[in-house]
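The annotation transmembrane segment is assigned in TrEMBL to 21-40, 81-105, 112-132, 171-194, 200-223, 285-307, 319-343, 355-374, 386-412, 424-448, 454-474. The domain 'Major facilitator superfamily (MFS) profile' annotation in TrEMBL covers 27-478.
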Amino acid sequence: MAISGAMPKSDGDKNYPGNMTVFVFLACLVASSGGLIFGYDIGISGGVTSMDPFLIRFFPSVYAKEQEVVDTNQYCKFDSVLLTLFTSSLYLAALVASLFASIITRKLGRRATMLGGGVVFLVGAVLNGFAMNIAMLIIGRILLGIGVGFSNQAVPLYLSEMAPAKMRGMLNISFQLMITVGILAANLINYFTAKISGGWGWRISLGLAAVPAIIMAGGSLFLPDTPNSLVARGKEEEARAMLRRIRGTHDIGLEYDDLVAASKASKAIEHPWKTLLERRYRPQLAMAILIPTLQQLTGINVVMFYAPVLFKTIGFGGTASLMSSVISGGVNMLATFVSIATVDRLGRRKLLLEGGCQMILAQFVLGTLIWIKFGTDGVATISRSYAIGVVFCICVFVSAFAWSWGPLGWLVPSEIFPLEIRSAAQSMVVVCNMAFTFIIAQIFLMMLCRLKFGLFYFFGACELLMTSFVYFFLPETKGIPIEEMDRIWATHWYWKRFVEGNGGRRNVQLSSSNAV
């Protein structure tokens, strides 16, 4: 038997009736705006921490070190515990918030969670824009993190549940697309606000985070809840009517019956967190932990929210570093369209494998370029042509991530969990994602100071491991109805040992067409 993770087609594959409707498209577009708040924060943080007036006001010791002569070790210019705490405190708050968000999502629905996240993020943006001291900055960041935790828990679930199976990948990736739009918008704003005379441009950069928060919170007021969530909360007639509306057909009997069966299985579970730890859910638990963890070990957030700092470290001027981050942010957004166009035709595995290989190559080339020029002492100046080469390698890396692990790191977990553990499992995804984002954000500048160019080799090695993980352990999920996803594990060479004699019982209960 082959040991790759690909799943053979089954004669029992279901195709629910219905098509993409304008209503579903608009609902998913509005919901995906939750990605804007996450992306804007990723892009804005590194930009303001590279602005001299911001550093002078809040991090004077970092500014003093930055102004030292060129023979200072460039790898260690920005190594500051307080500076990294400012950046990474958001992700720790998001980690904790996502645990509470799972309860709200389960009890009140996906829409209520998105609304709450948008409102809290708005308050945090206002605090940061008017910050007078470090305490206000950190409190604002914590509130931003709560908003991110809520939106990242609810939005991917909402998109996967609203979308028809054959277009679930494309619609779910709109969340990642909005993240990239937020990053690019933040990079452009930083570029222009850094030029404002008087040194208060950073306030505009931080305060404008209120705009995506208003979009998300305002949009949530008009969103319907998903049929899955309505059924789970006992609103079966509303769920039936909503299913007809989003599928554009009255022939929704098969899909509705599966939703009701999944809901009954869900209501039988009193403690979803405890249930998630049962042996029959071991494949889902493994994916809930490993996929978001490995996504952060690509090093992408290091590149995106420390891009201006990173570019200044390797010799770019202040404005040039911000423009270089605009370029990488633009590549990130445009490359995401590749994933949107191909994910439901090529599948998840092919994009993850290609993207992984491309990232490995880019990281090792980038590390070598920095090694050749800066060596281990971190002292060098770089020419314009050499700098362009560095930016090109970063763009190659960013593009690979943008059509593979970026969107699919959110898509795959959101579509593989059965309803009875879905909210808890998605919270696990967000917890692992934010935990490793926090850890890497907190230690990156320290690692750059100590590992130097070897840091890029480190992330390249991580990408080698994660690409191998995809090849051997991740089955294909393309085109499979979300409530029928259990059966992919029963045909997988490794995971079937955990679900045989357990997982099959749920599949039989969903509908008579699955009987064996």
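Even glycines carry a Cβ here, placed using N, Cα and C.
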Mean of pLDDT values spanning the domain 'Major facilitator superfamily (MFS) profile' (27-478):
84
Same-chain Cβ contacts of the transmembrane segment (386-412) under 8 Å, 6 or more residues past its ends?
152, 156, 160, 168-169, 172-173, 175-177, 179-180, 287, 291-292, 294-295, 298, 300, 303-304, 307, 311, 314-316, 320, 324, 327-328, 331-336, 338-340, 342-343, 348, 351-352, 354-356, 358-359, 361-363, 365-366, 369-370, 373, 429, 433, 466, 474, 477
Could you tell me what the rest of the chain brings near the transmembrane segment (454-474), counting residues at least six beyond its ends with Cβ under 8 Å?
3-5, 286-287, 290, 294, 297-299, 302, 348-349, 352-353, 356-357, 359-360, 363-364, 366-367, 370, 405, 412, 444, 447-448, 492, 494-495
Restricting to CB pairs under 8 Å, which listed stretch, 81-105, 200-223, 355-374, 424-448, is in contact most with the transmembrane segment (112-132)?
200-223
Are there 3 or more C-beta pairs under 8 Å linking the transmembrane segment (355-374) with the transmembrane segment (200-223), counting only pairs at least 6 apart in sequence?
no
